[in-house]
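*Asks:* From TrEMBL, here are the annotated features:
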ACT_SITE  HIS37  active site, proton donor
BINDING   30-37, 147-150, 184-187  ATP binding site
BINDING   GLN61  beta-alanine binding site
BINDING   GLN61, GLN153  (R)-pantoate binding site
Amino acid sequence: MQTIRQLDLLRTGIAELRAEGARIALVPTMGALHAGHMALIEAAKRPGTRVVASIFVNPKQFGPDEDLARYPRKEQADSRMLAAAGCDLLWMPPVEVMYPEGFATNISVSGVSDGLDGAARPGHFDGVATVVAKLLNQVRPDIAWFGEKDFQQLAVIRRMVADLDFGIEIAGIPTQREDDGLALSSRNVYLDEDERARAVALPRALGVAARAIGKGGDAETALAAARASLAAAGFELDYLTLVDAGTLAEGGDPARPRRLLAAARMGSTRLIDNVAVDPIEQG
Ligand code: PAF
């Protein structure tokens, strides 16, 4: 696996892969890789496709009081994992290559970015959209892969790519989970043993509520029960919301796919998760 940190070398590296007639798949990450990222690499590996992963801890998507400084950085271990997984090229630009002096552009995707994490973390999705647009322009892949764990992020990226005519396929894979159901996340390392044990309440509460709503149960009652069980486990809730799976509009239409999205703090660690709510057959 080639590791590249400069834009001109990236262009050469990508041109070489293209010269073989390969399709290019991009897996953008912020490093601190875990099995969830490896599932993205696996999904991206298809016959005739070369896989490019990027590692860039994007300062523009962290708020001033967020965990940019302590965000886990594990360059060497990440690089070994990617090479072992069959990644062909690792794009790891330094911050001054991504945002050279004078950088002044901001991409803002209104609507899907506004509520939920967008409301809780002002500017976060502008930072995500801006860096993903840059990564897509730098690598120019045919397809880019993202996890459904960051469900709102995926919706923001899909909207941006459609609106700006990138002509790149955006593919999502289901959230990867620990055996007890906790969604894999680079931030799980912040949890101490006791917090880790209690954190499982998040996927459990979401699962119970999603099943109840999918069977036609009253959504408000199901959400209230989920809020109570999260509080009992020691979570401080940012939001727990039922939305349309496509537009993220609150409530959604019971006949269409919906999603239950949550963000909650366990101690100083903010976790997010989401689950699908089955459409209810209208009769
Ligand atoms: O999901 C992530 O790891 C990041 O938000 C992304 C998409 C790599 C952009 O920095």
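Note that Cβ sites are derived from N, Cα and C of the backbone, with glycine treated the same way.
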*Asks:* Distance between GLY147 (ATP binding site) and HIS37 (active site, proton donor) at the Cα atoms, whole Å?
*Replies:* 8
*Asks:* Using DSSP and three states only, what is GLY147 (ATP binding site)?
*Replies:* strand
*Asks:* Within the chain of MET30 (ATP binding site), which residues six or more apart in sequence place their C-beta under 8 angstroms from its C-beta?
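*Replies:* Counting only residues 6 or more apart in sequence, the Cβ neighbours of MET30 (ATP binding site) under 8 Å are ILE55, PHE56, VAL57, ASN58, TYR71, SER186.
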*Asks:* Anything from the recorded positions MET30, HIS34, HIS37, LYS149, LEU184, SER186 with its Cβ under 6 A from ligand 1? List those in sequence order.
*Replies:* MET30
*Asks:* So what sits near HIS34 (ATP binding site) in its own chain, CB-to-CB under 8 Å and at least six residues off in sequence?
*Replies:* GLN176, LEU184, SER185, SER186, ASN188
*Asks:* How many whole Å apart are the CA atoms of GLY36 (ATP binding site) and GLN153 ((R)-pantoate binding site)?
*Replies:* 16
*Asks:* 10 Å Cβ neighbour count around LEU184 (ATP binding site)?
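*Replies:* So the Cβ neighbour count for LEU184 (ATP binding site) comes to 17.
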*Asks:* Nearest to GLN153 ((R)-pantoate binding site) by Cα, among ALA32, HIS37, GLN61 (recorded positions)?
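*Replies:* For GLN153 ((R)-pantoate binding site), the closest Cα among ALA32, HIS37, GLN61 is found at GLN61.
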*Asks:* Which one of the binding-site residues (GLY36, GLY147) has its C-beta surrounded by the most other C-beta atoms within 10 angstroms?
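*Replies:* Per the Cβ count within 10 Å, the most buried is GLY147.
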*Asks:* Measuring Cα to Cα, tell me the gap between ALA32 (ATP binding site) and GLN61 (beta-alanine binding site) in whole angstrom.
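*Replies:* ALA32 (ATP binding site) to GLN61 (beta-alanine binding site), Cα-Cα distance: 16 Å.
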*Asks:* Could you state the whole-number distance in Å separating the C-alpha atoms of HIS37 (active site, proton donor) and the residue listed as 'beta-alanine binding site'?
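*Replies:* Roughly 19 Å, rounded to the nearest whole number.
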*Asks:* I'm trying to understand the geometry here, so how far is the Cα atom of LYS149 (ATP binding site) from the Cα atom of the residue listed as 'beta-alanine binding site', in Å to the nearest whole number?
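*Replies:* Checking the Cα atoms of LYS149 (ATP binding site) and the residue listed as 'beta-alanine binding site' gives a distance of 17 Å.
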